[in-house]
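Working notes for the structure below.
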Ligand code: ADP
Ligand code: MG
């Protein structure tokens, strides 16, 4: 009996949070260890299914950096990063799309559907819902996201699982590889999402002494970037977080994807984890 009461109490503890997020859209950037480790993959799929089953609307935008690098290396294609963003070439864009839209996207979609959610995998070429122009080579800068289309999927009770490839400017253009953080941010603002969450392999944004910064403003981020505390892949992530909140998303979170059930911990309990960024 004691144990059953405990279960009910746990459920009731989540009620205020479920009420806050019911019917609302949450964009989740899925990346890092959570995308590789089998236990974390399972915990991610359960978290998303749980959100879905209680009436919250998740949208997944996934990365695939490590796997793309692995395949490019196996094929002897060179790859480099500038300011944390991959420089995509004519050779690597096709491979990036194969890995992202073929292998990774379908794995996530299948995992969610096997758990009882209704997920559908797309990239920017579907309905041309996400278009881009060149930033460096075939790494693109998003020029438009069709939020109306994504909202239609959500109205149908589907979970869009989005590979960060955008349509190019002509029928023969192979398309653009987009940094997944940037894509998650633009997608979140285009659909009026309530929150955007970036799963990563650190506890959040860390200061010079590797201590977690639990909340950050634009000014603080500018200073941390200027003195080099925020570097590499964290640059596009904080930029994406800031842009999302500037364009109307209530809050952005950068959280530790290596922690099991980090998404439920962040959204359905009072224990905020990671770094929170507000406008
Ligand atoms: P993801 O797959 O989540 O996009 P990235 O490697 O692109 O991962 O970006 C996260 C990385 O950014 C961290 O693993 C860390 O190495 C680096 N980083 C740079 N500056 C910071 C910082 N101030 N706090 C935390 N991580 C940072
Ligand atoms: Mg990254």
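A Cβ is built for glycine as well, from the same backbone N, Cα and C atoms used for every other residue.
TrEMBL names 64, 65, 86 for binding substrate. Of 151, 157, 177, 209, the residue it gives for the same site is 177. The 10 Å shell around the Cβ of residue 65 (substrate binding site) contains 19 further Cβ atoms across the protein chains shown. Taking the centre of the Cβ atoms of 64, 65, 86, 177 as the substrate site, the nearby residues of that chain (Cβ within 8 Å, site residues left out) are 63, 68, 69, 88, 96, 100, 164, 179, 180. Residues listed for substrate, 64, 65, 86, 177, cover a largest CA to CA span of 11 Å.
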